[in-house]
Amino acid sequence: MAAPPDMEPPAALSLELLPTDPLLLILSFLDYRDLVSCCYLNRRLNQLSSHDPLWKRHCKKYWLISEEEKSRRNESWKSIFISTYADLGRYIRYYATLKKAWDDLENYLGQWCPRMIGSLKESVREEDLDAVEAQIRCKLPDDYRCSFRIHNGQKLVVPGLMGSMALSNHYRSEDLLDIDTAAGGFQQRLGLKQCLPLTFCIHTGLSQYMALESVEGRNKYEIFYQCPDQMARNPSAIVMFITGTSYFEWFTSYVNKVVTGGYPIIRDQIFRYVHDKECVATTEDITVSVSTSFLPELSSVHPPHYFFTYRIRIEMSKDALPEKTCQLDSRYWRITNAKGDVEEVQGPGVVGEFPIISPGRVYEYTSCTTFSTTSGYMEGYYTFHCLYYKDRFFNVTIPRFHMVCPTFKVSTA
């Protein structure tokens, strides 16, 4: 419908006439890139985009700057954002998540593993990372560089930040390598070309490596344990047990497992046992739970030999009557591999002991098993006798627990 001939068209709405508060509200939804772009559109938007509270959200989101830190620095939010971006801008995709992971880890270690805090090294500078790239003639991924701008790994000490494992006479504890030590272990030999070590165990020589290029069948930035192919004629044939697809995923997932209590703390060390919350069974007043771990340094793909250790916790309810006190006599295991082959094992005690379980008492022990297949499971029961009623025997269920080898790649050599 046409407008009446005497009606004038509405005047164009000028940005200068719009009220300030609604414009600031709109700008508050913009990302930092768009906010910067607004500075170049016209004078009004330039003034509004410099409104300091607009930059508070970006400082907290990308750089985790607190109100206390802002007060200490005595700068505006915009100034803090710009100066931090000038230093760490290339890492803006990773910095907040990695910084929070490091902060959470430090807080957790301070509570549960305080002597490990002293092993952490201060951050490195951009020029230090550039010098390492020049030394190894290979680019470091930004997520790796970003983490080392926060903490330069740790000193070569025990216990290691990346977890421990103890079984009979076998022990390992992995340190997170600092940048210089990692660069010194950079590999160019056949089987491990262009691989940078991330961790190191001074007891076993064990390392986790990151592939800096897609060579010898590896994906770029893949993280793995090496495993020599014992059946290959070529000594450079290396099979990889893959532990991560990128440094960012590898490190943050490990920290999350640690700080959420996914790994037990034993004698001030992080032990990399994984517990399935459903792997618990209660018989009368006794609860049995199991956690497991794969040991790559004792495993091989060729020939197939996959080594697992498991940790069992036996606990009697603290509300049980004193006359429920009992002693473990024997164990029965039914062990099944991925092919369905079954092996049955029965014997006295556990690891040479016959523990007494009383109300509120906990007994824990570790043992191990091997499979010729990449996975398998165990289940069974313990036989106890009552100490008050010596003629009473009963079985306590051990829940079925599964053990699965990590994904691996066979060498192309």
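Glycine is treated like the rest: Cβ placed from N, Cα and C.
A TrEMBL annotation is a machine prediction, not a hand-curated record.
These features come from TrEMBL:
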DOMAIN    12-58  domain 'F-box'
DOMAIN    280-410  domain 'ApaG'
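Averaged over the domain 'ApaG' (280-410), the predicted model has a pLDDT of 96.
Residue counts for the domain 'F-box' (12-58) under DSSP (helix as H, G, I; strand as E, B; rest coil) come to 31 helix, 0 strand, 16 coil. For the domain 'ApaG' (280-410), the DSSP counts in helix, strand and coil order read 6 helix, 85 strand, 40 coil.
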